[in-house]
Amino acid sequence: MSHDSDDKTFPYQKDDAELRRRLTPMQYEVTQHAATERAFTGEYTDTEDAGIYKCVVCSTPLFESGAKFHSGCGWPSYFKPLNGEVIDEKVDYSHGMVRVEVRCNNCGAHLGHVFEDGPRDKTGLRYCINSAALNFESRPENE
């Protein structure tokens, strides 16, 4: 699934040639063509350090480490984004399923999907995000 047919215009317009130079092939395929990295292979799947997860394309802060949890699905999982403005959600009918795709609301980069099987004592949501779509910025817990 590519975002080429999507009508939404995002604030950050990215140059494809520059992205191909700057991103790894996996980062490019995940963020620009909605590919999915293999389960349990992502750099941030088991990261427990305090910090902020940012969009690999435009550096928009997306998730805090305090919202991360171990879901056992093989991808980094969060029960909420940093705030309600950073994520764009779109119904995804690919692969014979109906899911909700999660994209960066600044640049449109594909991040992953959101499911309603997250921690019930939090939001009940599980944002299942590809590590390849993220950069992690370590921060002390109290910041």
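Residue positions begin at 1 at the first shown residue.
Using the three backbone atoms N, Cα and C, a Cβ is placed for every residue, glycine included.
Keep in mind the model is a prediction, meaning the values are calculated, not measured.
The domain 'MsrB' annotation in Swiss-Prot covers 16-139, and the record cites sequence analysis as its basis.
The Zn(2+) binding site annotation in Swiss-Prot covers C55, C58, C104, C107 and is backed by sequence analysis. Around C55 (Zn(2+) binding site), a 10 Å sphere centred on its CB holds 23 further CB atoms from the protein chains shown.
Non-local neighbourhood of C128 (active site, nucleophile): S71, C73, W75, P76, S77, G112, H113, V114, F115, each in the same chain, at least six residues away, with C-beta under 8 Å from its C-beta. In three-state terms derived from DSSP, C128 (active site, nucleophile) belongs to an extended strand segment. The feature active site, nucleophile is assigned by Swiss-Prot to C128.
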Which listed residue (C58, C104, C107) has most other Cβ within 10 Å, given these are binding-site residues:
C104
